[in-house]
Every structure is written in structure tokens, then in C-alpha cells.
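K.L.:
Have a look at this one before I ask anything.
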Amino acid sequence: MATANSIIVLDDDDEDEAAAQPGPSHPPPNPASPQAEAPGSSQPHGAGGSSSSGGKKCYKLENEKLFEEFLELCKMQTADHPEVVPFLYNRQQRAHSLFLASAEFCNILSRVLSRAQSRPAKLYVYINELCTVLKAHSAKKKLNLAPAATSSEPSGNNPPTDPSSDPTNAETTASEAPRTRGSRRQIQRLEQLLALYVAEIRRLQEKELDLSELDDPDSTYLQEARLKRKLIRLFGRLCELKDCSSLTGRVIEQRIPYRGTRYPEVNRRIERLINKPGPDTFPDYGDVLRAVEKAAARHSLGLPRQQLQLMAQDAFRDVGIRLQERRHLDLIYNFGCHLTDDYRPGIDPALSDPALARRLRENRSLAMSRLDEVISKYAMMQDKSEEGERQKRRARLPQATSSHSTDPLKASLDSGEGPSGMASQECPTTSKPETDDEEDEESEEEEEEEEEEEEEEATDSEEEEDLEQMQEGQGDDEEEEEEEEEAGQDGDKSPMSPPRISTEKNLEPSKGISRSMGEQQNKEFTVSPSSEEPLAPSSIDAESNGENLEELLLEEESPISQLFELEIEALPLDTTPSPEERDISSSRKQSEEPLTTVLENGAAMVTSTSFNGGVSPHTWGDSCPPCKKSRKEKETGAEPLGNSYVERQRSVHEKNGRKIPTLPSPPSPLTSMAPVADSSTRVDSPSHGLVTSSLCSASQARLSQTPHSQPSRPGTYKMSVATQCDPEEIIVLSDSD
């Protein structure tokens, strides 16, 4: 009230002081009362109303002059953009006439003009400021000021621009005011109509539905459904008029986030598909497949066709389950009417009435079975229609391009025809048009993905460089180890070793050797099993027996004991072998470079197997397996393993009085790459060496039964330790022996 009284007092007191004010160049600080600051004029004023109208008229003339000066300045400074001046003029025409005749607009114009003249480089900044002010005071925004503006407009003494501006402003204000009043009336009418529909729906819900009305097209249930659809349309229209959101918080309106695949681009595309605005449409398998294909093509994922189909099938199942859950929850929350508002779970009559509960269960099972029948019926109909469409497409294919039509036909068959089977080629234009918002989102997503890809490429390149350096270091270490082994082997070669010759050139001497070895094995096969049993204790007395033990073992060792030793060698790594087995395995694993020999059946060679079951080109130097070593030989590990083994075998053969020429083989790359370990540690680290196989095979089992049978024809037997040594069989053999 104090502010209003002060304004009235200022209007009464300042009428006589208005003539003493200098002019519009020094306006008062209060723009709310522009009629109090009338510029100097020669006309006498008789009343306050005439002085206020004269002041507004003078402000309007001054504002028009200032605006024309600003437009002239803009024409000179914005010659490259001629659309600036018409834009400013249109903004000024749309502004309210009361604001155009105000001191506030005069202040803004004078300030903008002076700054634009002093700083021409910032002209567009001041143009933007003026446009913002004119837009804020446009006639559409200030509808309540329209009657005052029209009444305060003088009819005469207007510049030539007023007839073109004032009638348009009056027309716009006259058209806008009825529109606002009409929208208010429309809002009230829609609200009344909504209340009427709600009351009618409640009445129909309270009415009982007879079985005879089920087939009636105008039953109460159908009337209620029609009224509900109208109610939803009215509610949407009412939200548009009130400029508010139409969301009600239902479960079906909630957005479903999707993270089902490992590709975020595909996840975003599927999430947009299932959360598309509009009616709640359930996506088809073809829709999901098209979304996956578009995401893969747009972002160049490089996925094969089969993987895209599997991904689309998984996504379709996941999306379908989640949409069904959302619909089910929405039905639960919105099921019923005002009659069921007072329902509580504890007052269910089926809890106290077993007959009612049984009847409800029967009805539920019947409803589910009928629902499955309906779904299967229409699924079969859809499959038939799709099969017919595919046959039509095949018939349309031209006969001339039959040789080249295999790939397009396969593409048409595999282009999204899955469980529900909509082909991706049938409606290619349905998902092509996208909104501007989606394009903006995709552009932003592409930028983010490019940045992430650059970071990942940088990290991958660093990791690759580190791996290359590590591999180079390992390669250098292996080369050094190979050189050391070769140097050691060359230095320890004895002059008694025969020259290296291939087994193919020495087939004739090998036949004679095979005969002598066959006679020796025939002698060995006649040994009784009692002589085989003390084999294990003999290894314990190795210190006292010395070299005589080696001769005994060479003569008494049978193929069965050889097989047993082979199976002991192939035990798993986690087993702890006995001291006897350690002697056997250590003596065998010391042969890093074994020698080739000929079998009793005339075979050229028997290959050994590596630790993982692979066949290596190493061959034995004698038909008998390596003998057990004494502890003295174990302790002296200075000389290379291969040469010590060769010299030991030679000493045994010389004592027996036999001279068997050995055929050395070239060193294998596997043995050169394997590091040389001490004989005492070879059992603890079996992965560094080779697991060698003995000479016994399936043919030796037959020879043991018929010792004097004729030797079979020459052949090469390659046995794999990984295939013939089963842990279960090892346990059985060890128990039986």
C-alpha cells in the first residue's frame, strides 16, 4: 500500500515539475510510472491524463528515432548478412506497443546504440541483447496488457509507420484474448466431461453382467471399455491444454534398461526399440534382428551373420520376458475398480472355502490351456503365411540369374526369419526414418565410442610392444641355451663314436643285428616269472653289485617289466614315485640324444614320445631299454647326459662280448630347446625333458606267447605314451605286479 500511495503522490506532485526536466536523454530510475516523466513540451497541460498520453507519445517518437539509428548502424556493419535488419524490424513489430512507448525501451535503445557505436566489433552481441528484450515483451507473452494498450493508443498524430504496426498488434491481441478465454472454457468443459465419464464408468462397473449379454455388442463390459478409451483421449487432450505431462506413474510407462549383450551399441539400439514412444507394441524377432544388424553395420562391429542371429535370438527372449513381466505387473496394479479398493489379502474368501479355492485353481488351469491353444493356433497361421511369402519370393526370382541366386536366396531365408519370422527384407523402410533427437544421440554416442576406441588402441599397442620385447628376450635365452648344449655335446664326443649315417643306407647290417637280437630275446622269454620278481630289490643293492647288476638287468629284463617301467614313467605329475621308480625314470630321462637301432621284427626304428604325447624323431641305440643307474653314476653329473649314456651302453656291450654298431641320429629341435637339468632333479621337474617309450609293443605280447614263431614283416611301430598309459590301468598293473 505504501508503494501505491507513493506512486499516486508522485503523479500529483510532479505534474508542474515535468516541464523543468531536460528530456529523454536523462530518464528517471522508475520505469513503472513513465507517465510521471514527461519531457519538456511547449503545450500546456490541463490534466494528468493528457500529460501521461503526451509523455508516452513523445517516448514512442524518441524510441522510433533511436531504433532507426540502430538499424542504419546495423546496415553498415552487417553488409555480409542482410537478413539481420529485417529480423530486427520484425521483432520490433511483434513487440507490445506499450513497451515500445516506455522509458525502459528508450533506455535500452540508447545504451545499445552508444555501445555499438563505441565497440563495433561487438555489434552482434548488442543485437542479440535487443532481440532478447523484444522477444520477452512480445504481444503474445503479455496478453493481460492488451486492453490497456488499445485504450491508451491515440487515434491521431501518429507517424507513417503506426498504421502498419498498430492495427496488426490490435488484431493479434484481439485474437489471442479470445483464444485464452476459449482454452479456459475448453479446459473446464473437458474436466466436466471427464467427471461425467468417471461417474458413468463407476455405474457400469457396479452393474452385474449376465451370461446372455456376452454376445451382445452393446453389453455393459463393452460400453465400459469404450468409455475408458474416450477417457484416455480426453486426459491426453487436457494435458496438452494445461501444458503438463501425461505420465501417470504406471509400470507400463517405466523405461526398461537393456544390457543383455556385450556390445553397448547393440544394447542402446535394442533399448530404443523396446522403449519407443507410442502404443505398447511388442517387438517381433525380425524387429530385434534388424536393430542388431543396423547397430553392427553402423558401428562396423564385423560380426558374422550366425553370431548376429544368435545375439538377436537371445535378445528377443530376454526382451520378451521383461515386457511380459511389465505387462503382468501393470495388470495386477490396475486390475479391479472402486469396488475392490477395500480389498485386503487376508480377507480372501478362498482361504476359508476349500471348494471355492479348488474351483479357482481349475479355472486358472483351464484359462492357461486355452491361452496356449490360441497362441499356438495363430503362431501356426503366421508360419504358414510366412512360408507362402517365401515361396512367392522364390518364384519371382528370374531364371536367368539362377546361377547367381544362391547367395541372395540364402540371405532372404536367413534375414530375420526366426521364431516369429518377420523377414528383414519385407519392411526395410519401417525403421529407416529416425527422429532428430535419435540422430543427435547417435552422433554423441559415436563421438564417445571413437574416443574409447582410440584409448583402447593405445593400450593394445603398448601391450603388443611389451609382448614382443618379452618374446625377443625369451628367444635370445633359448638361442644361448642351444649354443651351450651344442658346444657341450661337441666337446664330449669320444673318438670311438662311429660316423653319422642314415638308417636307410644300413638296412643290410640291421638285418643281421635283428637276427642276433631275436636270439637274445628268445633267451629272455624263457626266463621264469620268479626271476622277474627280484627285479625291484636288485635296484636297492646297486651300490654293492656295481656293473654286474647292469649285466643281470640286461639279460633278465622281460617285455612285461619294460611295459611296467613305461607305465611308471607316464604317471601324472602329482604322484610321488618310489625310489625304484625314480631310478628307472631318471635313467631314462637322461637320454637327451638317444641312438637309433633296429627291432627284432625288422622295423627300421621305434620313435619316442614327448611329454604331451607327440612323437619325436629320437630312436634308441639298442633293442633293450636303458638300464638302471647306480647311485655313484647319479652323483657324478658333470658330463653331458647323452654321452654318458652312450659310453655306459658301450661298456655293457663290450663286457657281453658283442659289438653292435650304433647309428646316431641328428639332434632334435625339441631336445635342443629343452634345458639341461641334473639327474637328481629330473624326476622333480619332468616337464623339462622328454618321456621316452620302451621297445615293447603289441607284437611283443604275441612273441612272448609264441617265442619260436617267425618274425613278422618289417614295419614301424609308433606308440604314444599319452594314449596307452591310463592312470587306472597303472594302478591295476602295479597291484598285480
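Placed from the backbone N, Cα and C atoms, the Cβ positions cover glycine too.
So Swiss-Prot lists these for the protein:
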MOD_RES   Ser25  phosphoserine
COMPBIAS  33-45  compositional bias 'Low complexity'
CROSSLNK  Lys142  SUMO2 cross-link
COILED    179-216  coiled coil
MOD_RES   Ser212  phosphoserine
REGION    346-567  region 'Necessary for interaction with USP7'
MOD_RES   Ser412  phosphoserine
MOD_RES   Ser424  phosphoserine
COILED    432-474  coiled coil
MOD_RES   Thr459  phosphothreonine
MOD_RES   Ser494  phosphoserine
MOD_RES   Ser497  phosphoserine
COMPBIAS  528-547  compositional bias 'Low complexity'
MOD_RES   Ser578  phosphoserine
COMPBIAS  579-592  compositional bias 'Basic and acidic residues'
REGION    624-737  region 'Interaction with SPOP'
COMPBIAS  647-657  compositional bias 'Basic and acidic residues'
MOD_RES   Ser668  phosphoserine
MOD_RES   Ser685  phosphoserine
MOD_RES   Ser699  phosphoserine
MOD_RES   Ser734  phosphoserine
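Help me see these features in their spatial surroundings.
P.N.:
Taking Cβ pairs closer than 8 Å, the coiled coil (179-216) reaches residues 143, 222-224, 227-228, 230-231, 234-235, 237-238, 241-242, 337-339 in its own chain, all 6 or more past its ends.
The Cβ of Ser212 (phosphoserine) has no same-chain neighbour under 8 Å that is 6 or more residues away in sequence.
If you average pLDDT over the region 'Necessary for interaction with USP7' (346-567) in this model, you get 60.
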